[in-house]
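Below is one structure, written out as structure tokens, with a few remarks after it.
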Amino acid sequence: SVSQKSCLKPFLVFLGLSYPWFVVSLSVSPAAERIRFILGEDDSGPPPPQLFTELDELLAVDGQEMEWTETARWIKFEEKVEKGGERWSKPHVATLSLHSLFQLKNCIEKGTIKLDMEANSLQQIVEMITDSQIESGQLKADLKEMVMYTLLRKHRHQTKKSNLRSLADIGKSVSSASRLFSSQENGSPTTAHRNLTSNSLNDLSDKPEKDQLNNKFMKKVPRDAEASNVLVGEVDFLDAPFVAFVRLQQAVMLGGLTEVPVPTRFLFILLGPKGKAKSYREIGRAIATLMSDEVFHDIAYKAKDRGDLLAGIDEFLDEVIVLPPGEWDPDIRIEPPKSIPSADKRKNNIAGGEGLQMNGGAPHDGSPAGGGGHAVGDELKFTGKFCGGLILDVKRKLPFYASDFYDAVNIQSLSAILFIYLGTVTNAITFGGLLGDATDNMQGVLESFVGTALTGAVFCLFAGQPLTILSSTGPVLVFERLLFNFSKDNDFDYLEFRLWIGLWSAFLCLVLVATDASFLVQYFTRFTEEGFSALISFIFIYDAFKKMLKLAHHHPINSDFNMDLHHLNETWASLTRSECLEWGGQLLGPACEFIPDITLMSFILFFGTYTCSMGLKKFKTSQFFPTTVRKMISDFAIILAILIFCGVDALVGVDTPKLIVPSEFKPTSPNRGWFVPPFGGNPWWVYLVSFLPALLVTILVFMDQQITAVIVNRKEHKLKGLWSEDYTKGAGYHLDLFWVSILLIVCSFMGLPWYVAATVISIAHIDSIKMETETSAPGEQPKFLGVREQRVTGTMVFILTGLSVLMAPILKFIPMPVLYGVFLYMGVASLNGVQFMDRLQLLLMPAKHQPDLIYLRHVPLRRVHLFTFIQVLCLALLWVLKSTVAAIIFPVMILALVAVRKAMDYVFSQHDLSYLDDIMPEKDKKKKEDEKKKKKKKGSIDSDMNDSDFPANENVPSIKISMEAMEQEPVLGEKPSDRE
């Protein structure tokens with residue numbers, strides 16, 4: 001605290017210690033302090049390129065002359081050449097001995113360091129290194145030719161296969177270096193030098209070899225990557241190690257030095273006396289692993305002297321974890337983890353003067369576990385102006401409108417269009433049929449098709465978030481049923497009454513747009529989002545099974561069939577169905593329409609489509625086929641599953657129920673047209689009374705639309721402008737609601753269903769256009785880059801939906817059980833990655849088998865279960881309301897989820913909620929105000945520390961003392977200046 005620091009200062013002065021120096025030395029190590037300045041330097045240029053690191057060892061090939069043989073390589077993880085020499089090992093985490101790291105540090109301390117060397121060939125590099133060591137007295141002048149000869153030997157890579165050597169080749173080759181070295185004694189040094197270098201250069205060409213250019217591994221190497229070559233070996237002519245670390249000023253192609261044709265930027269050379277080959281190899285693996293480490297990689301590029309490199313090694317040692325030798329087998333290769341912690345956090349901790357806290361003890365910043373949350377930026381700020389938010393949305397979206405079209409140019413967009421199209425068509429047919437039953441065909445399948453195509457296409461073309469898919473929803477269907485029954489009971493014109501409700505609701509939504517009411521979206525935390533999305537997902541899963549059971553009821557399994565029963569007399573009962581109809585008979589009773597095996601075949605198609613979709617979607621991470629093929633199969637997983645089981649259905653030939661699409665463009669009911677007149681059907685006071693049910697519709701539309709928009713705009717989707725720095729497209733909450741209001745008016749006048757954002761289909765749309773890195777290091781999981789933000793896929797989906805009337809002859813071959821299987825897949829897939837589902841599974845797990853989740857480290861398990869129980873209770877209440885007559889107040893209950901979450905602030909601490917949920921806006925604001933007050937209190941302390949040579953660390957309670965810092969601590973009575 002401030003008072004404690006004030007009391008500490010005179011005591012330290014009495015001891016002869018400088019107060020600011022003492023605080024800095026306790027908070028960070030000298031190595032971390034130095035790295036903070038190295039990484040903190042302003043660098044306006046591009047970031048350093050990634051490195052491909054290759055370890056070559058000096059070995060005798062086939063008992064003949066010594067060659068540099070590739071034994072390992074790194075991009076992110078280590079790959080070793082297996083002992084047979086014919087294949088690479090699986091990528092694995094490099095495990096180093098602590099002793100090898102200390103030996104490497106000793107090599108950097110005593111060896112030759114050349115940073116920003118200007119050279120164009122390997123011979124020039126080697127000659128400059130040897131001359132430098134001769135000048136410093138580390139190498140004898142008479143050994144220069146031998147060292148150069150050794151370093152310029154031929155390099156044999158794993159891509160090369162050992163060929164049979166002819167007698168002529170064997171005769172021309174020199175069997176050992178000692179035979180050439182003997183010529184030095186009989187001839188002049190100049191002649192010997194010429195002989196040695198010429199033989200070496202014949203083996204190592206400056207141009208890339210054919211094997212390099214044809215190496216398929218180049219696909220795994222990042223674009224614009226540079227090489228780091230590590231050369232280690234033992235020789236019999238050195239008494240002391242020959243060590244050099246070189247960084248070239250410009251990366252240079254050094255011919256066949258590297259396995260792949262990439263320019264070399266770094267070289268580490270270690271030649272030593274005989275008998276320590278294993279030690280040299282481990283030192284080489286240590287420097288290669290360091291070069292693949294993201295922090296040391298940046299330090300190596302920015303280092304100005306030997307001390308910077310040593311500081312980088314010390315920082316690496318500070319973060320190294322040591323495993324006890326008796327509890328772990330070093331021969332076991334550790335598989336690369338599925339998710340790797342970002343090096344940015346480690347760099348930020350260095351820049352902030354904090355070390356990483358082990359075992360997940362790092363302080364939480366209040367963001368939701370797993371990087372969730374939605375954007376609380378300019379899109380959700382209350383402007384206080386008329387249509388202020390709407391105008392800002394238009395200004396944000398307009399400059400990037402063209403990019404929303406050409407960003408879709410990718411084969412992945414085609415698979416997304418086909419997948420979402422089939423889901424949308426199925427949804428339109430399902431809700432159209434249910435609406436027809438609920439409204440006596442005043443709205444039917446064709447109205448559902450026309451409404452879906454019209455509203456969806458317009459929304460995707462002009463809305464703020466075109467990735468959102470509009471559709472009819474369950475709550476809207478319930479409202480339509482209740483409204484039709486009420487109109488029928490009171491002798492009202494249903495379509496006219498509905499028109500005025502739609503007009504009032506659209507007016508209220510436009511008022512919400514004009515007053516920036518969408519800023520309330522920031523109160524929709526993870527608790528509300530997960531409750532709503534889980535409810536919709538469960539509805540999809542429930543409806544899929546409900547439709548299959550209904551299908552089984554219409555086509556029951558005949559368990560009473562007996563083959564022994566037969567008719568001896570020719571009667572009407574013994575005729576086949578076709579013969580009965582041919583002789584003028586009539587089919588009476590359900591048995592006449594009985595077709596065997598329909599139910600069994602339908603369930604095979606249903607579960608087969610679901611299982612195949614799930615399996616093919618995960619095919620990307622399988623071990624079969626090349627990466628491109630796996631990615632293509634994964635992108636088209638749903639389409640392939642549908643085609644496979646449509647083929648199975650056609651091959652078996654069972655008459656399963658097929659998709660029914662309207663073939664004529666006319667209203668379902670002959671008693672209505674395509675335009676609903678606003679007057680004449682109902683008394684005048686009905687137009688005013690319509691305002692009351694319109695309030696419920698407005699709440700329903702606002703909640704459905706904005707909660708789905710929040711889920712689509714979540715942080716984990718990495719949408720441009722919201723969570724990346726490329727450019728600002730923004731979310732567009734106000735613009736979305738504006739177009740939903742306009743389309744509500746159009747649908748009301750045309751007598752079409754009302755449409756809002758569909759949660760499950762929108763999540764499926766997002767999932768189908770996710771982008772990942774095209775190239776990834778061996779063993780590294782492809783990195784999720786974000787979502788392909790564009791307007792083409794959604795627009796094409798709804799255009800195809802409108803044209804489905806013309807494609808009825810093709811679509812009629814798709815079995816309905818296959819589409820129900822797609823429904824089941826969409827419902828289950830949308831639950832993946834939902835924290836609520838993970839916490840539900842914890843209820844059935846013993847503590848020792850629970851996964852290592854971040855919130856389980858910081859929140860007591862009973863509090864986690866209490867949070868889950870409250871969420872389950874709310875979900876159950878919503879389900880009951882949806883299924884009863886009280887469904888009319890369903891929109892209000894969704895709104896009540898926000899109130900329940902608000903009340904949970906009095907049950908849970910903000911610390912617990914920061915891990916289990918999002919922080920409410922006012923709490924976040926209060927937290928920031930408290931931080932500002934703390935900074936003001938620290939102002940007086942900071943002014944006392946301005947005379948320090950190093951900037952003082954504000955996080956004084958986080959004390960970290962390295963071994964290096966302990967060795968440099970002054971004794972009592974010694975002043976800091978005496979340490980020098």
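Note that Cβ sites are derived from N, Cα and C of the backbone, with glycine treated the same way.
Feature annotation from TrEMBL assigns compositional bias 'Polar residues' to 179-203. The domain 'Band 3 cytoplasmic' annotation in TrEMBL covers 50-330. Annotation source TrEMBL lists domain 'Bicarbonate transporter-like transmembrane' at 385-921. As annotated by TrEMBL, region 'Disordered' applies to 179-209, 333-373, 924-955. Taken from TrEMBL, the feature transmembrane segment applies to 12-32, 414-436, 448-477, 497-515, 527-545, 598-616, 636-654, 684-712, 733-756, 792-811, 818-837, 869-900.
Stretch with the largest number of CB pairs closer than 8 A to the transmembrane segment (869-900), among 414-436, 527-545, 598-616, 818-837: 527-545.
Beyond the ends of the transmembrane segment (448-477), by six or more residues, the same chain brings 393, 397, 404, 420, 424, 427-429, 431-432, 434-435, 438, 536, 539, 661-662, 700, 704, 708-709, 712-713, 730-736, 739-740, 743, 746-747, 750, 752-758, 761-762, 765-766, 769, 787, 789-791, 794-795, 797-799, 801-802, 804-805, 882, 887, 890-891 to within a C-beta distance below 8 angstroms of the stretch.
Segment contact is absent for the transmembrane segment (598-616) and the transmembrane segment (684-712), given fewer than three CB pairs below 8 angstroms at sequence separation of 6 or more. Outside the transmembrane segment (636-654), and at least 6 residues removed from its termini, the chain residues within Cβ reach (under 8 Å) are 415, 418-419, 422, 595, 597-598, 601, 604-605, 608-609, 612-613, 616-617, 619, 768, 813-815, 818, 821-822, 825.
For the transmembrane segment (684-712), the neighbouring stretch richest in Cβ pairs under 8 Å, chosen from 414-436, 527-545, 733-756, 792-811, is 733-756.
Stretch with the most C-beta contacts under 8 angstroms to the transmembrane segment (733-756), considering only 414-436, 792-811, 818-837: 414-436.
Comparison of 414-436, 792-811, 818-837 by number of C-beta pairs under 8 angstroms to the transmembrane segment (527-545) places 818-837 first.
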